[in-house]
2 protein chains.
Amino acid sequence: MATTETQTWQLIASTYRNQTTAKLPSAWLVPTSITSTISETSSQNVLEIPRTCGILTEKELEITEKYDAVTLAGLLARGGLSSVEVTEAFCKRAAVAQQLTCCLTETMFDEGLERAKYCDDYLAKEGKTLGPLHGLPVSLKDSFNVKGVKSTIGFVSFIANEPCTTESAIVSILLSLGAVLYVKTNIPQTLMTADSQNFIFGRTLNPNSLHLTAGGSSGGEGALAALKGSILGVGTDIAGSIRIPAYCNGVTGFKPSTRRIPYGGQTGPGRVGSWALLASAGPLCRSVSDAKLFCESVLSKDCWQFDETAISAPWRYLQPQGKRLKLGYIRELEGWPLLPTIARVFDTSLKALTKAGHQVVDLSPLLPKDIMVDAMVVSFKMFSLDPKKTPWQNIAKSGEPLIPSINTIVVDGLDKFVPDLDSVWEMNVAAKAIKEAVRDVWVKEGLDAIMMPVHQSTAPKHDHYGAPPYTVFANFLDYPSVSLPFLKANKKLDEPYIRKDVTYTPTYEPEAIEGAPGGFQILGRNMRDEECLEVAGVVESILRGV
Amino acid sequence: MATTETQTWQLIASTYRNQTTAKLPSAWLVPTSITSTISETSSQNVLEIPRTCGILTEKELEITEKYDAVTLAGLLARGGLSSVEVTEAFCKRAAVAQQLTCCLTETMFDEGLERAKYCDDYLAKEGKTLGPLHGLPVSLKDSFNVKGVKSTIGFVSFIANEPCTTESAIVSILLSLGAVLYVKTNIPQTLMTADSQNFIFGRTLNPNSLHLTAGGSSGGEGALAALKGSILGVGTDIAGSIRIPAYCNGVTGFKPSTRRIPYGGQTGPGRVGSWALLASAGPLCRSVSDAKLFCESVLSKDCWQFDETAISAPWRYLQPQGKRLKLGYIRELEGWPLLPTIARVFDTSLKALTKAGHQVVDLSPLLPKDIMVDAMVVSFKMFSLDPKKTPWQNIAKSGEPLIPSINTIVVDGLDKFVPDLDSVWEMNVAAKAIKEAVRDVWVKEGLDAIMMPVHQSTAPKHDHYGAPPYTVFANFLDYPSVSLPFLKANKKLDEPYIRKDVTYTPTYEPEAIEGAPGGFQILGRNMRDEECLEVAGVVESILRGV
């Protein structure tokens, strides 16, 4: 690579980054006494800094901290809070979060406040809301197109693209529901790894401990949500990209069944026309109720009118059953030992669920050996079907290098895989067999949901996340899945779970991950997003009592 | 091809055919005075022969002719008719239909009557039905697997396969709903053409006029339904295979959205693992209400438990609205002039709908030029993505030749198409553009449905159907579509519609098609099968008054 070319992509990237940074109002800048301590090698927990840095008023702290989205939407609808004050609070807090974790890409503070004023005026004049998300600030992963704003998705070559002239389907729908848009959030170069780093905006840090990954690809959403700079954010997930960052940062994430929440009209890293494994759009938020609010609200619209690929299946309102649940679980994959923290988190969860009267059943002996790793291999082959390798072209065009995280995902046999048309047929047959095996166990056991880890470890240090067999399984099956936060790494409590007979990957470093959030996921059946959230809500309320 | 090999496939085929023919009870054999007049070059209408041939009793004629499936199911549930008498009536009538049109493959008369007795005993003993289709005979396209019965689907090489040890998902579901299975019906070799001919069972003839095609690929179902040898049959449709035979024979056919009605567990002509364009299973029947009964009943079960590929979306019960409908229509494709009969049928329909107070709007000027032919080209490319060309292997294995119909489907550029992985990406992009264009018009116009011909002609003579741009369009879009019968070819009434400025394909031969059924189709939106049937029901009742 020629030096001038190197300088060129670096200059282009830094110029653009500086432009976005310059948009932060000077009154919202965090003192250098704080920013000077921010580094990707620091183990600092910055979650309290928005509260202590003096930028937000007491009321703004209350607005951003005290509620979940359901409650806040209710207050906005009743006029108990104005959208302008709520939006300003979240803009400020997002600006602070950005300075702590590099979680934003584009800011739309002025546009957001203008929109908030419109919402307030509408409510005052019409005596009714614009919709169920009236006046509520909603953050968006960078891939969602907003008119007049660029979607660079972390490719330096995309800086040359004009600001969007069209908007993603979900953006149109959110606006029609009354939402206020105010920030877009950071992602990894290629969107296909769990470290949200790129050479335009930098690397998103985990606010629980800056030297840990914030996860990805919706990593900016995860860090922003944990810092309470967003009350409802929209991410996308094709291998775990909503659930991984929700988990790494300690918030709730929901990956719906594909085509349920409109996905269309985004800027993607890959070739247009992909088909073998589809991605979902879904919320990162504070509670299962918030995830439900998001889905219910979106599906109150005729989504097909906004996105031809969205399936027309209205939200089903379930009657709470209060019944004894039967949860199948997969605790650990052979050769992928759970790190002590996650072993404790998982066993504690199982115990709490059993104690609350629900039934849990170990699915591992009932499923074909290695089924989840096999599913991951097929999934990653499905991700590799573009002979033109478009994402790499998007990188090569600017001369920027690859981010290191990309090469940390090692999937068996993938390096030798050369896709052709026959391989598509073969992987469809392989996929069908796996899907049927899981369905058979589900039906035979009469399950309400499947519970499994999000990952074998908590958020590890940057660039150590590795392959995601647990999360991609839900995408592969096209099952909805909720990632629920639960407990935190605690070296004293975790110690009894240390096993001497295994090699942990990533390495177990109790000091490094101390305080990192734990959690797990609850998978439902395809297209039974409603039941999945219902079960997750029951589990959430049990675990809140632990 | 060696002579011995030729003899071999012919011998294998005739031996198997003779076995199936031998299963017809001698008491149900039609006199040779009638069978001697049956030929694929005769223009004879045989629709009245079941009534006149003396094989069915008066009560059996009443059972098979007087009701639609909804009414008959009601009678069976109330014990007004026994399943044994109903099943025997339909077995007899199907046996007669077979001798007139060669519409059957496998018969299961003994098994059907045994099952019918079980249904009657159950009702008598338990005082309740097995389900909404209690005791009702249902016919099946040959591709559906029934335990203990072969699914040769017209490949001589498949005769060597053992009888099925598993059953199709829809078969399990129909049985769980109380249905009685009694016949499987004829199809074309490869299932990919509109003439239901193969070298095992022969060619299905059109009972309206034997020298006309019965359509395909569910051609046996179409002929059987027209002869009232079935009251509810199940076909499959990937390019028109339910709607074409329904139309050619003058009955009602419904192609649901894909994955709505479970399709899994069939014997297919092609390679396992196909994906680009999916087929639907659906009913051929006597009325829109019957199609609704079928869908409602099937979806009252948790279909995913039977078929992992079935989408979990419960049937939605709509309130009849009585509102003024807005129907977009596509009357004629450029270069594909409607034959006079169909021009008259279509214009008469439009007039009747308008007179009834509904609004019709011509979509042709609103859609991109040639969109339907373009969609057909992409569809047929999607059908050609198997590098192994499995259907041709299935033919070659026995040495049987191709049926002539296959080479009558000429689609532009398809002969030169060599599929590779890049072509899949390209056709996905092309498909998306077409789907969005149709969606845009639908939304902009606020349509309730789209009305268009099933074909530019009525059923033509055998092997003259040609390419199916109208029907494959609904598969391409994945829109549900109802094929409704309306009027018949009448050379006197059709004469004013003859155009001198066009070349008709197939050739307009008024004498040859006299009395052939006309009709058209009503397309709904993807996954709005409920609304599609609702509109079709309104249209059906208006046209019944014409």
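Note that Cβ sites are derived from N, Cα and C of the backbone, with glycine treated the same way.
Now, the feature entries from TrEMBL:
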- A:85-533: domain 'Amidase' (DOMAIN)
- A:LYS141: active site, charge relay system (ACT_SITE)
- A:LEU191, A:SER217, A:ILE238, A:ALA239, A:GLY240, A:SER241: substrate binding site (BINDING)
- A:SER217: active site, charge relay system (ACT_SITE)
- A:SER241: active site, acyl-ester intermediate (ACT_SITE)
Residue among binding-site residues A:LEU191, A:ILE238, A:ALA239 with least C-beta crowding, 10 angstrom cut-off: A:ILE238
Taking the mean position of the Cβ atoms of A:LEU191, A:SER217, A:ILE238, A:ALA239, A:GLY240, A:SER241 as the substrate site, which residues outside that list, in the same chain, have a Cβ no more than 8 Å away, listed in sequence order? A:MET192, A:ALA194, A:GLY216, A:SER218, A:THR236, A:ASP237, A:ILE242, A:ILE244, A:ALA279
A:LYS141 (active site, charge relay system) versus A:LEU191 (substrate binding site) - Cα distance in angstrom: 11
Measure the Cβ-based neighbour count of A:SER217 (substrate binding site), defined as the other Cβ atoms within 10 Å of its Cβ. 35
Within a 10 Å radius around the Cβ, which one of these recorded positions has the most neighbouring Cβ atoms: A:LYS141, A:GLY240, A:SER241? A:SER241
Using Cα-Cα distances with a 10 Å cut-off, which of the binding-site residues A:ILE238, A:ALA239, A:GLY240 are near A:LYS141 (active site, charge relay system)? none
